[in-house]
Amino acid sequence: AHSFLPMGNIIGSGIFVSPKGVLENASCVGVAIIVWVTTGIITAIGALCYAELGVTIPKSGGDYSYVKDIFGGLAGFLRLWIAVLVIYPTNQAVIALTFSNYILQPLFPACLPPENGLRLLAAVCLLLLTWVNCYSVRWATCVQDVFTAGKLLALGLIIIMGIVQICKGTHAFETFRDYDVGLIALSFLQGSFAYGGWNFLNYVTEELVDPYRNLPRAIFISIPVVTFVYVFANVAYVTAMSPQELLASNAVAVTFGEKLLGVMSWIMPISVALSTFGGVNGSLFTSSRLFFAGAREGHLPRLLAMIHVQRCTPIPALLFTLISTLLMLCTSDIYTLINYVGFINYLFYGVTVAGQIVLRIKEPDMYRPIKVSLIWPVIYLLFWAFLLVFSLYSEPVVCGIGLAIMMTGVPVYFLGVYWENKPQCCNITIGKMTHLCQKLCSVVYPVMEENLEPIGPQKNDEDGEEGKSLQTADQTRA
């Protein structure tokens, strides 16, 4: 089952959004298909490097844990800072906007849906799913299972119809045209968005059964299958519509359905909307794991790792993610958001893979159940350097904003984490605010199994007796 986990996690809303972004920057269908295949290969190489790190440093928390252990607290904190402020909110905003695009596109057949309508519907989707995740963990997982089916139905239909079209001899491949290297780099960022989620298993390494066998197996099975599905879906798109039609649509699969499915074209927007709905839910579901890992290390306020006394749902983390995602909806241009999040994500993938080489040099004798040849991280880093340099060159403002937000984490780290002997008044204020939020949300810090004392920075007396009594109640219940 673990072999198929990443597949379900990678194939999300990306394949219904990215084809337009990839084709727009790649300038022609031939280059776009090459971008999809290359991105799949690079993703597989990155996943292999992550597999070695995953079993060498067997901690949940993914690249945050590796960067923190190899490069120290500041680098780990910046990874967490950017994930909390940029990566999760932007990802969720993109998926929610895709959901509203696919719901509204059929209602506006002759033009693009209105911007404010898209944002409002995306916000409603986010509010509803945050409520579901706050209310019950079981409900959240049920939503996930049901909506995964929608995703597979949509993709299956697209690929089958594409194969039928090819057999008929219909296609819109054109010869290679002039292209711009800077724009090719952006098309790789757009494609990478669709492959996002390939490092999901590294976030739950501690929970994997026999990770030494299952982690590589999951990579070798899932990434080739995903690459195959993506390339075929893109070939299917261009068999049904010209590149110009593909670029004119913000909901590619809807246009595809209208062209080929006739009366049944309503199936497409509904199944993609289900898929993206599940995508927002999955993202909300996993972000709380990272918050917990950060709060456990003392890098985030303890409040963000707290869970509801009875429902055991991470309410403060979910509300924080919701607010930051709603702020991202200020822009409804999906493709700018993808460039923005893709650049920052790649920056840290490269740092993590470089960490693998650093660890080999610093600790050559360390026990490594999985050991990959050093040529793979080197190939990955060469591609990484090309991507970052040319993305900055093509989109200096978008990528610059991402870097600026990341650098704001440096003073926050030194003031919040590094400076331990804060004045008493600071500690009292933080304690009182935490206590107030605990009361408002009825949340407590979860107790670790080995040890009844909560792990992480200890509470001050000012946190109030109620926080302790809530914890005691929680312990008794456990």
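Placed from the backbone N, Cα and C atoms, the Cβ positions cover glycine too.
Per TrEMBL, the listed range annotated as transmembrane segment is 315-337 (candidates: 246-268, 315-337). With a threshold of 8 Å between CB atoms, the same-chain residues lying at least 6 positions outside the transmembrane segment (373-394) that come near it are 42, 45-46, 48-49, 180-186, 188-189, 339, 342-343, 346-347, 349-350, 353-354, 356-357, 360, 400. Taking residue pairs at least 6 apart in sequence, the transmembrane segment (179-198) and the transmembrane segment (120-140) share fewer than three C-beta contacts under 8 angstroms. In this chain, the transmembrane segment (400-419) does not touch the transmembrane segment (179-198); fewer than three CB pairs sit within less than 8 A of each other, excluding pairs fewer than 6 residues apart. Take the transmembrane segment (70-88) and the stretches 29-50, 146-167, 218-240, 343-361, 400-419: counting Cβ pairs under 8 Å, 400-419 has the most. Counting only same-chain residues 6+ beyond the ends of the transmembrane segment (315-337), those with a CB under 8 A from a CB of the stretch are 17, 20-21, 24, 84-85, 88-90, 92-94, 96-98, 101, 115, 118-119, 122-123, 126-127, 130, 133-134, 190, 250, 284, 287-288, 291-292, 303-308, 398, 437, 441-443.
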